[in-house]
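Reviewing the structure listed below.
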């Protein structure tokens, strides 16, 4: 009986946590379906009109140029994540397999850079980007994002490569493969779940990053989705809350879909060390 009660309480607690987590998005979705004047209804109304929903999303996609901001975010996020993986995977392999003097200290030092909040280095980054002539450019966004994502990618990959027996490397090298060939042909397929975990964390961070973009970009044609969403709350007067909510919904959907697609790989990757 005690076990049944404990299980019921656990399920109820999980349901409560799930509702708390999803409630803000549901509220945002409801606001995106309404006209601006209906948002102020007391008590709140759940009356929706398809014409109003279509108008809200049409305004965001066409008048507010959401597709331009979406393209910028997709490009910057994709390139930044790819470069971070391209640099971080070999570095993680090197720290895992090539033990050298001070390797653990260097690995800890690299991770410590990730502990630094972006707000602490936003101004120095802006000055470096400006002196390099990269303001209002994709490169001016990609370089800092790679720098922020790289430490986490390296540390995640160190953990995954540590879980792969070193005997696999030795057997492959006995067969005539070099270290780079062992990494590319043998270990990367085994470490694919780890790469997906690292990529997911990178995508979520870069997609939602706001502060660095605020300093580096000051023209609409290079703005990412978070910058465009913020501009609706600072430029528009009065604020069109229904339009702002619509932008919020369209901002969340891409990362939500991406996370759902790779979810099973993420779970497999996180538990990889426990089942080997």
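A Cβ is built for glycine as well, from the same backbone N, Cα and C atoms used for every other residue.
Predicted, not measured: the structure shown is a model, and the values here were computed from it.
Within the set 38-60, 107-129, the record from TrEMBL flags 107-129 under the feature transmembrane segment.
Comparison of 12-33, 141-161, 182-207, 241-262 by number of C-beta pairs under 8 angstroms to the transmembrane segment (74-95) places 141-161 first. A contact between the transmembrane segment (107-129) and the transmembrane segment (141-161) is present, since 3 or more of their C-beta pairs, 6 or more residues apart, lie under 8 Å.
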